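Over in TrEMBL, the protein carries these features:
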type: TRANSMEM; residues: A:12-33; note: transmembrane segment
type: TRANSMEM; residues: A:45-68; note: transmembrane segment
type: DOMAIN; residues: A:113-326; note: domain 'ABC transmembrane type-1'
type: TRANSMEM; residues: A:117-138; note: transmembrane segment
type: TRANSMEM; residues: A:150-170; note: transmembrane segment
type: TRANSMEM; residues: A:197-222; note: transmembrane segment
type: TRANSMEM; residues: A:243-265; note: transmembrane segment
type: TRANSMEM; residues: A:307-329; note: transmembrane segment
Amino acid sequence: MRTHNSGKSSLGALVMAPIHFLMGILDAPLRWLQRATGIGGMAAFFLMPNMLIFGIFVLLPFFINFAYSMTGGTALFLPDRTFVGAGQYARLFDCRSYLDPGSCAEDTFWTAVKNTAWFVVLQVTLMILVSLVTALILNRDLAARSFWRAVFFFPVLLSPVVVGLIWKWILQRQGLLNFGLYGLGFDPHVWLNDRNWAFAATIGVSIWAHMGFYTLILLAGLQAIPKDLYEAAEMDGTRPARAFWRITLPLLMPNLLVVVVLVLIRAVQIFDEVYVLTGGGPGTSTLYLTQYIYETGFAAQLRNPGLAAAASILMGAVLVVLTLLQLGLGRSEKKGGRK
Amino acid sequence: MTKTKTILAALAAGLLASTSALAGDVRIMWYSDGVEGEVLKDLVDRFMKENPGINVILDNVSYSVVREQLPVQLEAGDGPDIARVTNLKAQSQHWLDLRPLVADAAYWDENFGAQADWMRPDGSSQISGFMTQITLAGGFANKTLFEQAGVAIPGKDATWDDWAKAAKAVAENQQVPFAMALDRSGHRLTGPVLSYGANYIGADGKPAPLDQGTKDFLKKFIGWIEDGTMSKDVWVSAAGSTYRAAADDFINGQLVYYYSGSWQVPNFSTKIGSNFDWVATGSPCGPVNCTGMPGGAGLVAIKYTKNPTEVAKVMDYLAREDIVKEFSERTLFLPAHKGLLAKGLDFKTDDAQAKEALNAFVAATGSLSDLAQKLPGWFWSDTFYGAMVTRISQAAAGEMPVEEAFTRIDADIAAKVKDSGL
């Protein structure tokens, strides 16, 4: 027994040796640094690698993008572009009525804003409802519960392009859905040519593709709720609906809050699966903001990186507001919890 | 200190070497509509055997990469050494002048001079490359459907209205979903628009506002989409100026009359086979003429190449008469090579329909209008095409009345001209 233990410890010592050696080298300079800068300086030192990555890949592109949004012309390099100040923003906001995209100079931008706003309202509401209901069902003692959890999570693993293509094959004129309808004696319908159906399809497909992830978060929250609360409520004769409103929902709120914000941010950024499924059509009925930015900056015959950058800064501002909202709600939730 | 500097210099040199092209490497960005990628690979392999010091790397990409990603690479002063491109004029500032590099510039001028202006900056005598194929927009009819419906195929001078009427009669009789379809492309739309007497080019060489000829055909076109004569699927299937073709509907026998172009011939020959009979019909007539639109893809050298001498050698080889002949005969493409066209070609296909179709397209080159021949070399063509596709799609989808679409097309083009600073 002793031999076994000593073998284990000698293996551990062998594995740890290079780490101890490295620590030995670092120990003296780190102690010197702590003496020189104090505890606060050490925190900054250890945060620096992450901050550096964040700065290079998030902050720097943001500032470059902002600089682009103040320039005009079709040239790609910033030094080759002409400074136009807030000209691109003025062009985006040049409208007689913001509620009527047709009255705007950049009508396509406002159509994309309107479509995105509707998409966010409908998709976020439905996504949360569907994810919550699914999580509640999957939290029950179902037969083959693990299998069902895997089934709902599986679409999350698919690439958005694959998701778009699968649903295109289902919904197109000679697709699986029409084949089924025809077999049942119904008239086929060209779903993706119909403005309303195409819009509904983008919502449905995005829910199908991502609900598994949010269901998982909510399921984790449901499983963290102590069972004895329900048992006590049952002993008091509480109806299941009341237990849901008074126990489940309040205790699930932190998870629900995370889900709401994640779904909101993802909905504002919607692009990939919709681009493959409808290409923004029919007409511009499923043209969302990210596609507008992509097409203006990259796909148009004469690209306008300045206008695309200005639109993306505005979209970024919306995302910042949503994130601040999450932080604010998170804080008030914590305060509420303390009370 | 000296040692440290040496190490840093070596590291920098290593980094530079790893990010730049190796001497002797020539990278070609190539897209394919049919079998041309395979044919080019054969030709390039032979070239490398003859020239062991030059390594040609063939990047087969989709057409959308050439349209959307290559321009960004070029603007950044990057990209492949050679590329197959359709948007030749508007990007001509990025092409390498091969004149001082090719073995015999006179050979290039003589055989490819007719289209040289399509791919060089205005006023220049630059040799940028050559057309790998000359294309001509035109129609295809499903002959079997016409025969089964007992409707006569409209003749040589038939108008767009004649074709619409006949195709609709066939579609109704044969219960196929689409009577007519026209690719979602401004280039394709331009042939019929010109046949209605349109002119895109203003007195100053910049885009003119839409004229009556353009408006007349576009109104008719949208009317056909609304009444179901023209396939709605193709035109409302995307936002913006994204390209969409209706070739699959024709191949699947779901479409009576398809207006596309000569590049579809090898595609149809391979995929339709003996499923049904089809014919190329040239371009229907408008009130003014019966023109289609010429075009095609050009192989151009990129001026940011690190190996211009090797690039010129590859271009010289690919532009050689025997190589162009083999490429065209195996791909069923119409070549641009003047000498070769004079001698004639023996297309490598047993498909009599394909041969007949290619001959029909060669014959249709005789009915091209002057403006149609000028537009491929006009800087603003693609701007015009993009604006038309975007707004006509919106009108076709019922998002705006056709008159508003016309106003928006003019405004979009004016904004692009202003953005360009030209």
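Placement of Cβ uses the backbone N, Cα and C atoms for every residue, glycine included.
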Under 8 Å, at least three CB pairs between the transmembrane segment (A:45-68) and the transmembrane segment (A:307-329) (pairs 6 or more apart)?
yes
Between A:12-33, A:117-138, A:150-170, A:243-265, who has the most Cβ pairs under 8 Å to the transmembrane segment (A:197-222)?
A:117-138
State the non-local partners of the transmembrane segment (A:117-138) in its own chain: residues 6+ outside its ends, Cβ under 8 Å from one of its Cβ atoms.
145, 148-149, 152, 199, 202-203, 206-207, 210-211, 214-216, 218-219, 221-222, 248, 256, 259-260, 263-264, 267-268, 270, 288
Remote residues contacting the transmembrane segment (A:12-33) - C-beta distance under 8 A, at least 6 residues beyond either end:
41-42, 45
